[in-house]
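Taking it in order: structure first as structure tokens, then the write-up.
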Amino acid sequence: MQDDQKKTTDFGFKEIPTDEKVKAVAQVFHSVAAKYDIMNDLMSGGIHRLWKRHTISQSGVRAGNCVLDIAGGTGDLTVKFSRLVGSEGQVILADINDSMLKVGRDKLANQGIVGNVKFVQANAEALPFPDDTFDCITIAFGLRNVTDKSKALASMYRVLKPGGRLLVLEFSKPESELLSQVYDQYSFRLLPAMGKLIANDADSYRYLAESIRMHPDQETLKGMMDEVGFERTSYQNLTGGIVALHKGFKF
């Protein structure tokens, strides 16, 4: 957990001044934005689409709801949510990175999804929305890049309606030692090489692999959600714990 007085924080395996992390992460995503979707498909063999589909199925979102998709990037979840909430509902795709927002906005416009979706550049630690606004909040593969994760979770709790739920889809800790070893080899050898080949950027993908290892494990993240007020918190391991879906409610 981050402390307001802490002067340094992790950036992958490096320690950098806390006030520099937002800029450093922004540079990574400015670099990868244009190739983000194709790299996701290549890196996961397309499995990320199944993880996201499962997240949607656990959201409870229905017609007329108001949904916040934090770190929504290129809009994979927003596309699905826009269809679920219909013309009477709204989805806000929020991302701190304007390059990712532009890719997401263009992608959705090309699919004709414009009426019930709004794009907002926002920091998850200080969400610019009133209290008790959203029926559901999701953050998929974004929380590990946030500097102060507890502050971000508290901000999400504040803007969630009573009765609403938060879903956090994120890389986590594999359940078996063998899977962990195989995953390490893939992450630190193959992933940067793919980044270099496809996006001409090995360093950004090396950071993404390192950031996964620095992210809190399943039980730690569940505890962090409990601490800021979420109730009935739980998590489900997907693909052997390579990814976990955390769920929490506000009552």
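Note that Cβ sites are derived from N, Cα and C of the backbone, with glycine treated the same way.
As annotated by Swiss-Prot, S-adenosyl-L-methionine binding site applies to Thr74, Asp95, Asn123, Ala124. Over all protein chains present, the Cβ of Asp95 (S-adenosyl-L-methionine binding site) has 27 other Cβ atoms lying within 10 Å. Under the DSSP three-state reduction, Asp95 (S-adenosyl-L-methionine binding site) is assigned to strand.
Counting every protein chain shown, 25 other Cβ atoms lie within 10 Å of the Cβ of Ala124 (S-adenosyl-L-methionine binding site). Working note on the binding-site residues Thr74, Asn123: by count of other C-beta atoms within 10 Å of each C-beta, Thr74 ranks first. As a whole number, the greatest separation of Cα atoms within the S-adenosyl-L-methionine-binding residue list Thr74, Asp95, Asn123, Ala124 is 17 Å.
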